[in-house]
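Feature list (source: Swiss-Prot):
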- Cys57-Cys61: disulfide bond (DISULFID)
- Cys76-Cys169: disulfide bond (DISULFID)
- 1-19: signal peptide (SIGNAL)
Amino acid sequence: MMVKFLLLALVFGLAHVHAHDHPELQGQWKTTAIMADNIDKIETSGPLELFVREITCDEGCQKMKVTFYVKQNGQCSLTTVTGYKQEDGKTFKNQYEGENNYKLLKATSENLVFYDENVDRASRKTKLLYILGKGEALTHEQKERLTELATQKGIPAGNLRELAHEDTCPE
């Protein structure tokens, strides 16, 4: 994922969290929703429309591996990217559809919220929020919190893509 994901806002609060402080980070996850200021990046078959499956941390979470599917022409392709923790101790960086700098903003046993800034090969910057869960759709309250966070991050509130029921890639 990441991130593009990724990996991957804050649907549930605004405190920054550290990946190594959250053992619930690792494991099986599914993309619940994505928001982006450049909506074309997350539209159906868009380059940053990621269907996350798993997150693992190595070396004390200095490396975060995100396994996800991308879908092109109806075909799901499995991909794994590795993000490397940066000097600030919060941001991870990886190369996927350009350069990604992302942070875990919120972690619970049910959801993860990531903020990502992607700069593609044409130097176009995209701000994204990735919300991961266990396969459930967002509640009304979660959507409200997410749109508030998106606005704070410069992402239009209407640019929400809910993917919980659109994910047809293998488990």
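Cβ atoms are placed via backbone N, Cα and C, with glycine included.
Here the features listed in Swiss-Prot are painted onto the structure.
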residue : record         : DSSP class
Cys57   : disulfide bond : strand
Cys76   : disulfide bond : strand
Cys169  : disulfide bond : coil
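Cβ-based neighbour count (10 Å, all protein chains) for Cys76 (disulfide bond) stands at 15.
Distance from the CA of Cys76 (disulfide bond) to the CA of Cys57 (disulfide bond) is 24 Å. Within 10 Å of the C-beta of Cys61 (disulfide bond) there are 19 other C-beta atoms, taking all protein chains into account. Spacing of Cys169 (disulfide bond) relative to Cys61 (disulfide bond) is 27 Å (Cα to Cα, whole number).
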